[in-house]
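For reference, TrEMBL has these:
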| type | residues | note |
| --- | --- | --- |
| BINDING | Gly169, Arg170, Gly171, Val237 | NADP(+) binding site |
| DOMAIN | 6-120 | domain 'Tetrahydrofolate dehydrogenase/cyclohydrolase catalytic' |
| DOMAIN | 143-290 | domain 'Tetrahydrofolate dehydrogenase/cyclohydrolase NAD(P)-binding' |
Amino acid sequence: MTAQILDGTATAAAIKAELTQRVAALAARGVTPGLGTLLVGDDPGSRWYVAGKHRDCAEVGIASIQEELPGDATQEDIEAAVRRLNENPACTGFIVQLPLPRGIDTHRVLELIDPDKDADGLHPTNLGRLVLRVNEPVTSPLPCTPRGIIELVERHGVDLRGADVVVVGRGVTVGRSIGLLLTRREVNATVTLTHTGTADLAEHTRNADVIVAAAGVPGIITADLVKPGAVVVDVGVSRATDPETGKSRVVGDVDAGVREVASWVSPNPGGVGPMTRAMLLSNVVDTAERLAAS
Ligand SMILES: Nc1nc(=O)c2c([nH]1)NC[C@@H]1CN(c3ccc(C(=O)N[C@@H](CCC(=O)O)C(=O)O)cc3)C=[N+]21
């Protein structure tokens, strides 16, 4: 048996089509959602990612507000730019592109973001709301990658309710935060968070209905770690040089052999990445809708 593919590119396109309609409905009420980005320095990779986010916005009708600062910007310069985005009424949600240059206190910058404009959903206030309001409807921005993973799986008809989920990797953007969503009453998954200090990784993953591989270790999830019929989501992003072409390419955490045992596998690229971007747009539209309703 070969696993079916959790197609992130197609699912993100479907979500963008839905968002286009919601943006049009907001426009009819005189509201235009706007995504702000703050890019510091001229790292080509970061510049490329930010450009991609603005292309996504243009596709669904979200306005773009771009702030750029040179690589030698001070803590004060960066904080002033965040305040400008907080105060700009055209900006209904924004992100500070990470990483920030060395020597900048990233936590201080991120904590300055207005939590109601936090398009990444990673502001301490919003993570705190998820912890404290576990049985209440969500009315705050959600972390994009965890939300994207859940949408990707559920939109392929896979039911996560009651599932045993093993998360590999304790990074803030995925490992630490996805359990906050999966253990809400409407999903009711049981979540195990594994990390580099886990004594026996295979013992956990072999019992999992769903594996979320977010370790950033190429190929760490091999077929012998996967229960037959399990769902495997590949979140890890490493770069490697292709020996044949000599070009740099994305390598995930999931070994190709897993496709012979799993029921569903997300490709990488083409899986979680496009979903993360779609959820960033969703957060901006959600926020604009809340604003329009208030
Ligand atoms: N404040 C902030 N928020 C972020 O969300 C954020 C950030 N900073 N800094 C950098 C990382 C990286 N990130 C990606 C999102 C989507 C793809 C993506 O769509 N990738 C494509 C292909 C990419 C390729 O082939 O290189 C895919 O997976 O199919 C990649 C990377 C968001 N980040």
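Just so you know, the numbers here start at 1 and follow the chain as drawn.
From the backbone N, Cα and C atoms, a Cβ is placed for every residue, glycine too.
Spanning the listed NADP(+) site, residues Gly169, Arg170, Gly171, Val237 have a farthest Cα to Cα distance of 14 Å. The average pLDDT the prediction assigns to the domain 'Tetrahydrofolate dehydrogenase/cyclohydrolase catalytic' (6-120) is 97. DSSP classifies Gly171 (NADP(+) binding site) as coil under the three-state reduction. Long-range neighbours of Arg170 (NADP(+) binding site) (same chain, six or more residues apart, CB within less than 8 Å of its CB): Arg176, Leu193, His195. Long-range Cβ contacts of Val237 (NADP(+) binding site) within its own chain (separation 6+, distance under 8 Å): Gly216, Val250, Gly252, Asn268, Gly273. According to its DSSP assignment, Val237 (NADP(+) binding site) is coil.
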